[in-house]
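Per Swiss-Prot, the features are:
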- 9-264: region '4 X approximate tandem repeats' (REGION)
- 9-37: repeat '1' (REPEAT)
- 38-62: repeat '2' (REPEAT)
- 63-97: repeat '3' (REPEAT)
- 240-264: repeat '4' (REPEAT)
Amino acid sequence: MWPDNRIARDAHYLYRYDRHGRLTEKTDLIPEGVIRTDDERTHRYHYDSQHRLVHYTRTQYAEPLVESRYLYDPLGRRVAKRVWRRERDLTGWMSLSRKPQVTWYGWDGDRLTTIQNDRTRIQTIYQPGSFTPLIRVETATGELAKTQRRSLADTLQQSGGEDGGSVVFPPVLVQMLDRLESEILADRVSEESRRWLASCGLTVEQMQNQMDPVYTPARKIHLYHCDHRGLPLALVSTEGATEWCAEYDEWGNLLNEENPHQLQQLIRLPGQQYDEESGLYYNRHRYYDPLQGRYITQDPIGLKGGWNFYQYPLNPVQYIDSMGLASKYGHLNNGGYGARPNKPPTPDPSKLPDIAKQLRLPYPIDQASSAPNVFKTFFRALSPYDYTLYCRKWVKPNLTCTPQDDSQYPGMDTKTASDYLPQTNWPTTQLPPGYTCAEPYLFPDINKPDGPATAGIDDLGEILAKMKQRTSRGIRK
């Protein structure tokens with residue numbers, strides 16, 4: 001028995017914790033009778049006020065072997081890390097590298113979809129509504145650099161002066177040109193844009209000739225083969241060759257790996273990302289230690305996650321914890337948090353080339369955490385759901401406060417859909433003049449008392465069922 005479930009030692013290490021129950025130090029255990037000369041390695045962990053790991057070091061002989069720092073966005077998702085490793089400098093001494101290796105991360109909700117460093121960018125497409133990876137797309141940084149191009153507005157501004165010099169367009173004109181360029185690239189120029197060009201004495205073909213060519217980078221595409229939990233076991237090329245494979249134990253520890261092509265495959269158990277510098281698996285809200293089969297910090301949701309604050313599912317063969325919160329059934333088949341895994345789908349390699357054509361991101365990697373994910377459009381095209389943003393309660397200022405005011409919005413005139421006949425869902429863009437939306441919401445047709453508590457936009461199983469139901473009625477939103 002360990003006090004507060006904090007393991008102080010095992011067969012390999014000694015552990016220390018702070019007053020918040022966070023692992024702060026892990027040191028090699030020297031067996032009794034063995035004479036050592038302070039050569040044990042010590043791992044140290046440092047956290048911010050939100051209990052997120054922000055600094056890690058590993059030392060031996062009081063000398064640093066590796067150091068890393070981690071950066072998070074306001075939602076607590078890790079968006080970057082810097083790693084310094086011990087190497088020999090110009091004088092022959094061993095020390096930490098002066099220049100760190102920097103890695104950036106891009107997200108789609110709680111799923112990590114993009115990893116980029118100075119050499120390559122790796123994108124992951126997941127099974128809809130789950131954390132099971134389906135497709136891996138790798139693009140070299142050199143290829144990404146070739147995709148850089150000027151926008152149509154920039155091209156015209158740089159050479160639009162009377163003497164061939166630069167000129168500055170008003171923001172409204174830049175916006176119109178950007179919209180026109182996107183329509184030309186999609187081969188769907190609207191009648192409104194055609195009329196605007198005609199009024200200027202221009203044609204679509206003339207504007208298209210002014211645009212920089214679009215470069216399609218070369219990519220390496222692989223299909224994931226996963227077990228029933230969503231743990232990757234192999235990467236298969238578009239030619240059907242297995243170019244990476246691995247074996248793991250029940251807790252996600254790597255037992256054997258065959259990697260002749262030196263592919264970087266860091267996905268472990270659902271929702272987990274392997275950090276080579278520390279040996280830990282980043283698991284969204286916490287870090288998982290596969291050697292112990294538990295987390296290094298306490299559960300951020302407290303007792304809602306179980307009596308043991310450090311516990312990973314005790315039956316990892318049947319249960320997962322893709323969010324680092326709790327082991328229990330979730331809304332999504334293989335998502336939510338602590339969901340029971342479902343059988344992965346049968347992959348179809350013939351579809352890979354067509355999907356890869358859609359993977360050019362319209363934003364730089366350092367904006368990926370806040371930009372919409374490009375893969376989401378695949379599933380929205382199939383969805384029968386209404387993606388309109390509706391308003392549950394809208395308000396505008398009153399001249400005076402009255403006892404009838406809503407207690408949540410004193411001094412405000414408050415309206416809801418029940419104040420009108422017929423009662424219906426009110427889009428935020430169609431509110432009465434002077435009112436602003438105080439409580440917006442999405443998916444009114446699935447957030448009913450008899451429906452699920454939450455809805456994922458890419459929950460494909462529910463989407464297809466609803467599509468079939470509505471098609472049989474002759475109705476399609």
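Here the Cβ of each residue, glycine as well, is placed from N, Cα and C on the backbone.
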On average, what pLDDT score does this prediction assign to the repeat '4' (240-264)? 96
DSSP composition of the repeat '3' (63-97), residue counts helix/strand/coil, works out to 0 helix, 24 strand, 11 coil
For the repeat '2' (38-62), the DSSP residue counts stand at 0 helix, 15 strand, 10 coil
Residue distribution over DSSP helix, strand and coil in the repeat '1' (9-37): 0 helix, 12 strand, 17 coil
